[in-house]
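Annotation source Swiss-Prot lists signal peptide at 1-16, citing sequence analysis. Look at Swiss-Prot and you will find CYS133-CYS174, CYS167-CYS207, CYS262-CYS310 tagged as disulfide bond. Annotation source Swiss-Prot lists active site at CYS136, HIS269, ASN289. Under the heading N-linked glycosylation site, Swiss-Prot lists ASN158, citing sequence analysis as support.
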Amino acid sequence: MNKILFYLFVYAVVKSAAYDPLKAPNYFEEFVHRFNKNYSSEVEKLRRFKIFQHNLNEIINKNQNDSAKYEINKFSDLSKDETIAKYTGLSLPTQTQNFCKVILLDQPPGKGPLEFDWRRLNKVTSVKNQGMCGACWAFATLGSLESQFAIKHNELINLSEQQMIDCDFVDAGCNGGLLHTAFEAIIKMGGVQLESDYPYEADNNNCRMNSNKFLVQVKDCYRYIIVYEEKLKDLLPLVGPIPMAIDAADIVNYKQGIIKYCFDSGLNHAVLLVGYGVENNIPYWTFKNTWGTDWGEDGFFRVQQNINACGMRNELASTAVIY
């Protein structure tokens, strides 16, 4: 079997998710080829293989015990700690503002529809890729503002995460930030430019914002203490997609389906709640991620409702209102 046929064969097996732990060396070689991996030495390659093998065993175990499916993907030669350190970015700033009002949602949830999704109303912008920059906080907050703009003006726009990275002096750019502090920083800055005017660079740079080009301005921001998780069903249609904090460790190798087991060992990633529904009698939440469309369900993922999946209720949800 020549090399091309070999890779096609292994790729077909990988896509089927019917993994055999004894074939880990074959899967690893296909992974290296598919994702153009280059290691500094054979010692480093061996180290990466051992991490890959550990991740493969976890994927196999999850595929046997969860309703979701998991796969070898672009993160599979990284340890969980490495992935969290490089591709998330939720962290506590050294200082905070106090602009956002805190609202206690302790009323029982209403009886809304069984499913709702802002994507079906064309109010969610395309999935982005933060790359190796810990700016998930900027993507999640601006994703919510993009949706609010679409709800208000019936137009999809892309706002500048790079402006947030460079010009939000409360949060720490690619070194991390929080959701409500990002909204507070936008209020202080006066607005946000389009991505086309201030393109993404995935790195910390000097602030170059131009207030004459601000397209979206934030009027108020809110933080919600959610006593009943189902209360999000009432909130989501009212305020638009909601930025939320999670522990991303258990979703790294996610492919598709509803995640039933996602534990919380500490919040580290910001994502955007865009919808909810029911599949095979399992109620779920749908989140937009920032790891590109080649991850998960075209960049989105689903978790089971009412289990505090990935610690989604452990931090206050944040929203803002635009002018």
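Glycine is no exception: its Cβ is also placed from the backbone N, Cα and C atoms.
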For CYS133 (disulfide bond): intrachain residues, at least 6 apart, with Cβ closer than 8 Å: GLY89, ILE165, GLY173, CYS174, ALA202, ASP203
Which of CYS136, CYS207, CYS310, the listed recorded positions, has fewest other Cβ atoms within 10 Å: CYS207
Taking DSSP as the reference, which of helix, strand or coil describes HIS269 (active site)? strand
Sorted by position, what residues of the same chain at least six away from the residue listed as 'N-linked glycosylation site' have a C-beta under 8 A from it? THR125, SER126, LYS128, GLU146, LEU194, GLU195, SER196
Nearest by Cα to HIS269 (active site), of the recorded positions CYS167, CYS207, ASN289, is ASN289
Could you give the Cα-Cα distance between CYS207 (disulfide bond) and CYS310 (disulfide bond), in whole Å? 34
Going by Cα-Cα distance, which of the recorded positions (CYS136, CYS167, ASN289) sits nearest to CYS310 (disulfide bond)? ASN289
Return only the integer: C-alpha distance in Å from CYS262 (disulfide bond) to CYS136 (active site). 19
If one measures from the C-alpha of ASN289 (active site) to the C-alpha of CYS136 (active site), what distance in angstrom results, rounded to a whole number? 9
Rounded to the nearest Å - Cα separation of CYS167 (disulfide bond) and CYS136 (active site): 16
